């Protein structure tokens, strides 16, 4: 009986381990090129898969991450994603990446979170102040100033940011542990939800005057 209990415990741990170490399910085939329609395809992990015999090099290819993006916007930054939407061959592989361009003197990738992925950031150009905040109750800020060649990791689900403290453009590339990591920009979600969150709720949650909350909501 004891041996059976040990076997069952090991079996359960074996089933749980893939969920522990990966955001996306492990693929059961070489690849699953995502397509929009069901004709001649199968449905896997939220996408239809092209017949593997019809896969071509362009399904696994993307060009353009070498191009500097326009950062003339509110935050002074632009994120160029490369996930399953841009490269269908990423489907079921559990990875994606982004290029991030930051304007000089304060370009900001504002506080946000990826609900389905951890992120590893590599600085190519410039000087970035980066950080993330741990979960309740500590809410501890862990931050660092990064220079070209430096790498920093943001754990899955935690609020994080990057801020250009240099007087030149900055560029970073990041890998994420999901084909579709998702992104929730905190200010947009809280003050720009559709429909709006009741201003009294936000006023109490953030210890703000109700008029201030309504003013903030009007900006999103």
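Note that Cβ sites are derived from N, Cα and C of the backbone, with glycine treated the same way.
Whatever TrEMBL says is automated annotation, not expert-curated.
Going by TrEMBL, these are the annotated features:
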- 109, 114, 119: oxalate binding site (BINDING)
- 112, 114, 119, 160: Mn(2+) binding site (BINDING)
- 32-49: disulfide bond (DISULFID)
- 63-214: domain 'Cupin type-1' (DOMAIN)
- 1-22: signal peptide (SIGNAL)
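Shown here: features listed in TrEMBL, placed on the structure.
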{"residue": "32", "record": "disulfide bond", "CB count, 10 Å": "27"}
{"residue": "49", "record": "disulfide bond", "CB count, 10 Å": "22"}
{"residue": "109", "record": "oxalate binding site", "CB count, 10 Å": "25"}
{"residue": "112", "record": "Mn(2+) binding site", "CB count, 10 Å": "19"}
{"residue": "114", "record": "oxalate binding site", "CB count, 10 Å": "24"}
{"residue": "119", "record": "oxalate binding site", "CB count, 10 Å": "23"}
{"residue": "160", "record": "Mn(2+) binding site", "CB count, 10 Å": "22"}
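Among the recorded positions 32, 49, 160, the residue whose Cα lies closest in space to that of residue 114 (oxalate binding site) is 160. Between the C-alpha atoms of residue 112 (Mn(2+) binding site) and residue 119 (oxalate binding site), the distance comes to 12 Å. The predicted model assigns the domain 'Cupin type-1' (63-214) a mean pLDDT of 97. Annotated oxalate site 109, 114, 119; additional same-chain residues within 8 Å of its Cβ mean position, judged by their own Cβ, are 98, 112, 113, 117, 121, 154, 160, 174, 176, 181, 183.
In sequence order, 113, 117, 132, 154, 158, 159, 181, 183 are the same-chain residues whose CB sits within 8 A of the CB centroid of 112, 114, 119, 160, the residues recorded for Mn(2+) being left out.
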